[in-house]
Amino acid sequence: MSTSRRDFLKYFAMSAAVAAASGAGFGSLALAADNRPEKWVKGVCRYCGTGCGVLVGVKDGKAVAIQGDPNNHNAGLLCLKGSLLIPVLNSKERVTQPLVRRHKGGKLEPVSWDEALDLMASRFRSSIDMYGPNSVAWYGSGQCLTEESYVANKIFKGGFGTNNVDGNPRLCMASAVGGYVTSFGKDEPMGTYADIDQATCFFIIGSNTSEAHPVLFRRIARRKQVEPGVKIIVADPRRTNTSRIADMHVAFRPGTDLAFMHSMAWVIINEELDNPRFWQRYVNFMDAEGKPSDFEGYKAFLENYRPEKVAEICRVPVEQIYGAARAFAESAATMSLWCMGINQRVQGVFANNLIHNLHLITGQICRPGATSFSLTGQPNACGGVRDGGALSHLLPAGRAIPNAKHRAEMEKLWGLPEGRIAPEPGYHTVALFEALGRGDVKCMIICETNPAHTLPNLNKVHKAMSHPESFIVCIEAFPDAVTLEYADLVLPPAFWCERDGVYGCGERRYSLTEKAVDPPGQCRPTVNTLVEFARRAGVDPQLVNFRNAEDVWNEWRMVSKGTTYDFWGMTRERLRKESGLIWPCPSEDHPGTSLRYVRGQDPCVPADHPDRFFFYGKPDGRAVIWMRPAKGAAEEPDAEYPLYLTSMRVIDHWHTATMTGKVPELQKANPIAFVEINEEDAARTGIKHGDSVIVETRRDAMELPARVSDVCRPGLIAVPFFDPKKLVNKLFLDATDPVSREPEYKICAARVRKA
């Protein structure tokens, strides 16, 4: 029997309601006696950045069941994808032995581990010797374990001497990092998921929480159900399922959200809803050029964003601007939540700053339920990459490449000679693949990510990956990943709970995934692979003197010690016993930190500090309200391409479907990509629901089935990117935010016609 998406979503909604009412999660159903696990092994869900705790049921050495961990923050709940992880783990579609392509255009064929590692080491070593260390690169992932990203970062920055270390968090979270750092001086949210249970107003902007973070959405919905007076404002050009529980849905014109938030600030100040007691003591003001200003300067700046003017720009009712501002400011505790709709923009950092501005001008921050909280898309983008410094401009624990003091600290911690870490940042993601296409980067390791599917302007990327001098190594579990078409060497990793390691989720919580089952075939833990590769490539053996992932974790704890990321107290033994700990956690008896920057709660704030709040990432302890200009997108619609095109998520799939595509229930529910079209736009072009249409941009054209509905606002079309047969990222431009270098997936110009 075929399953329609509508039926599937009905089933999901019904199941979610039952699960929420009963306290049970997906996957906690009764099991047949002959399939009952002999043991349950603790871990973390392999999908989004919510970081739900799971228990994997094992019998006869095989994973047979999964359920939510009742002791973790998700309280035993899992989303549908998480509840169906076991078929992914047990899939027969796995890379189980090393594969080599002996010449460009040839086929991948089996090779021994010894030959594979020797080939890999010799190619990297010879490239470094002939062309210098910047001819090699690592492209990692927010799906790698913390220990894997740490070892790779150490090998490349400390061993090879190149900062060409980047990864897919550049595509999703770099603007959030830039926003936190420029506003507060340090990355990562100050609150936790527990704030959801205390908030009385939710400002959700650029996030389809219901489909991208379903467990958190259920928690928000439950909060509204328990206390109906809680206000939910959803600002999104699409009328998503998230918006359907909102008290107010602001469907602004794409790219005008910065003006909308400035206008909210205008209302707050002009109606005296701001909190002078807070901002006078804890905030500095900076103008558009980054020069010091003051409250009066900010107030004058906002005169350009009066609600009546901005309502016309955004094409929303002016009452929504006033209503959203009042609800935000007058609430006892307001929590903002955002994701890719804010981050994946050429104004992504500025947009993040403006959310923080609203919290700072109202004092809606650093209290239970009052926080600005960026949602994360991958299970370890925060812990392994952001905290671990595995991007081209970063070093571990909040250190930065351009900072000489930080470089010296890491050289000492890693036992390196002075000056070993290069002072210039390496290539960010888009520039890295451009360098590959020019032949400047010769050798690259791509680990647990699928850039030949996910990067923008893919035709350009595919050409770069086909460079005749390139040598691309993929550490990849699934053979249908598009990137393997461009790989010269493929190494099979142990996947998820086939090895042990730590994931760090969006609320600063680090949780241990324990090994539950053995990997198939010749698959190996990636930590072991990287250590052996480094030794064969001539890296000092003492630099990678790790026997296992626990050795790596203990070194990483030491590197964090004494920093504002301090998690020295998170021993492996504690992580085995507890269901996650939230940093800072500087000692083994420390419970973890729910509220950062608060005296008496954050161990990084001195106990005798005279102020209640101390934003210690800034020299004077004050956060910053920025007067960021509300600029447009890199590519706006015009007469030739009159529509906005944006990317979107579907609840059934995650990223490039290399995992969800292995689950029949998920694949049947949404087997192919499509384009969402508003009813007005469809009527104007003669397109009906189900018609085959051509979506075209300045980069490429693609044939897709049309879904005609009221989800997109008029003038906007949307496509999901999960389908490997429809690589829709060929359509998007690769313009990047000038601060974060995150690409603009959310806005470009397009046109559509019947095929």
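Glycine is treated like the rest: Cβ placed from N, Cα and C.
Annotation comment: Swiss-Prot describes 1-32 as signal peptide, evidence class experimental evidence.
Around the Cβ of CYS48 ([4Fe-4S] cluster binding site), the same chain contributes ALA212, HIS213, THR376, GLY377, GLN378, PRO379, TRP654, each under 8 angstroms and 6 or more positions distant in sequence. For CYS45, CYS48, CYS52, CYS79, the entry in Swiss-Prot reads [4Fe-4S] cluster binding site, with the evidence type experimental evidence.
What Swiss-Prot lists as Mo-bis(molybdopterin guanine dinucleotide) binding site is LYS81, GLN143, ASN168, CYS172, 208-212, 236-238, 255-257, MET340, GLN344, ASN450, 475-477, 647-656, ASN729, LYS746. In three-state terms derived from DSSP, ARG649 (substrate binding site) belongs to neither a helical nor a strand segment and is classed as coil.
Taken from Swiss-Prot, the feature substrate binding site covers MET648, ARG649, VAL650, ILE651, ASP652, HIS653, PHE721.
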Query - Whole-number Å value for how far CYS45 ([4Fe-4S] cluster binding site) lies from THR209 (Mo-bis(molybdopterin guanine dinucleotide) binding site) (Cα to Cα) - result: 17
Requested in this report: Name the one residue among CYS45, CYS52, LYS81, PRO237, ILE651 whose Cα is closest in three-dimensional space to that of PHE721 (substrate binding site); these are the binding-site residues.
Outcome: ILE651
Requested in this report: Would you list the other residues of this chain near substrate - those whose C-beta lies within 8 angstroms of the C-beta centroid of MET648, ARG649, VAL650, ILE651, ASP652, HIS653, PHE721 - in sequence order?
Outcome: GLU211, TRP654, ASN670, PRO720, PHE722
Report task. Within 10 Å of the Cβ of ILE651 (Mo-bis(molybdopterin guanine dinucleotide) binding site), how many other Cβ atoms can you find? Include all protein chains, please. Result -> 23
Report summary line: Ordered by sequence, the long-range same-chain Cβ contacts of MET340 (Mo-bis(molybdopterin guanine dinucleotide) binding site) under 8 Å (at least 6 apart) are CYS172, GLY206, SER207, ALA212, GLY377, SER647, TYR745, LYS746
Query raised in the report: What Cα-Cα separation, expressed in whole Å, is found between HIS653 (substrate binding site) and ALA477 (Mo-bis(molybdopterin guanine dinucleotide) binding site)?
Result: 17
Requested in this report: Run through the Cβ atoms and count how many others sit within 10 Å of the one on MET648 (substrate binding site).
Outcome: 23
